[in-house]
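> Next up is a structure, given as structure tokens.
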Amino acid sequence: MAPGNGSFVTAFILVGLTDQLDLQVPLFFLFLLMYMVTLIGNLSLIILIGINSHLHTPMYFFLFNLSFTDLCYSSVFTPKMLIDFLSKENIISYMGCMTQFYFFCFFVVSECYVLTSMAYDRYVAICKPLLYNAAMSPKVCSSLMLASYLMAFSGAMAHTGCMLRLTFCDANTINHYFCDIHPLLQLSCTSTYVTELVVFIMACINIIVPSLTIFVSYGLILSSILHIKSMEGRSRAFSTCSSHIIAVSLFFGSGAFVYLKSSSSGSMDEGKISSVFYTNVVPMMNPLVYSLRNKDVKSALRKTLRRRKY
């Protein structure tokens, strides 16, 4: 497939996380370890939820989708990143770059809405327990996930469509370890005003709206928890929500820092460091946070391991 209209660049050079040669091998092993933990952790959660019928509840249905999204999301750029650590020429084709960019947008927006659905699930479970079965029926859960993926599809199409309209002339060195929005905008030799406007509007929709929904949900949850007289009940409710709050804060905090600013402001190196949090750290941390702090998951894991012994 040929490059987009008016684009003269057929390939890009990725600068990577750092250009210091002595750090390339240590970083390769560090990110390889992180990627292995991400793959094993998320695949384990997917299999565990799939084979244990008592985990077939709305909460774990959303967690299943979160693990699937994290697994795909980290696989969009981490294998290429690992190869580039050991390569002298970190080249990615124009269409390879646009494909990577599309799937990056798709899975990052999916994660925003999966996390929002999880917050809504916890809100109904704690604040409206008598309505939980009706409010979180299989049909409602499936509809929420379908809406999440439709929002991701429309967001990815909007971003990629705008990027394909830009012209890239001579400059083809991307100051990043993957094809991200702001580094690509800096290379365009035509006006990026419309694209930056679309990026900002989509960031507002896909970062601010979900994060506000999540924090309003948790504000109502906190208010409800404080009215629980039993200390055991309060402790259980806090334990259920705390892992989700940690994951949400890391993901939305680092994402907002990178995308809610213009492509020319700040240091691109700061952007790369922040990107590591939501592209590598969050997908790795999610299965650890949700499994190590979750009695149901730990119990299911013990039962599964015992079954395999016999």
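Cβ from N, Cα, C; glycine included.
Found this in TrEMBL, in case it helps:
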type     : residues : note
DOMAIN   : 41-290   : domain 'G-protein coupled receptors family 1 profile'
TRANSMEM : 27-48    : transmembrane segment
TRANSMEM : 60-81    : transmembrane segment
TRANSMEM : 101-120  : transmembrane segment
TRANSMEM : 140-158  : transmembrane segment
TRANSMEM : 197-225  : transmembrane segment
TRANSMEM : 237-260  : transmembrane segment
TRANSMEM : 272-292  : transmembrane segment
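Could you place the listed features in the three-dimensional structure?
Here the transmembrane segment (140-158) has Cβ contacts under 8 Å with residues 58, 61-62, 65, 102-103, 105-107, 109-110, 113-114, 116-117, 120, 198, 202, 205-206 of the same chain, all six or more residues outside its ends.
Within its own chain, the transmembrane segment (197-225) is flanked in space by residues 109, 112-113, 115-116, 119-120, 122-123, 126-127, 151, 155, 158-159, 162, 181, 185, 234, 237-238, 241, 245, 248, 252, 255-256, 259-260, which lie at least six positions past its ends and keep a Cβ under 8 Å from the stretch.
Beyond its flanks by at least six residues, the transmembrane segment (272-292) meets 17, 31, 34-35, 37-38, 41-42, 44-45, 63, 66-67, 70-71, 73-74, 77-78, 108, 175-178, 180, 243, 246-247, 250-251, 253-255, 257-258, 298, 301 of its own chain at Cβ-Cβ distances under 8 Å.
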> Quickly jot the same-chain residues contacting the transmembrane segment (27-48) by Cβ under 8 Å, restricted to those at least six beyond its ends, or write none.
17-18, 55, 63-64, 67-68, 70-71, 74-75, 78-79, 81-82, 85-86, 280-281, 283-284, 286-288, 290-291, 297, 300-301, 304
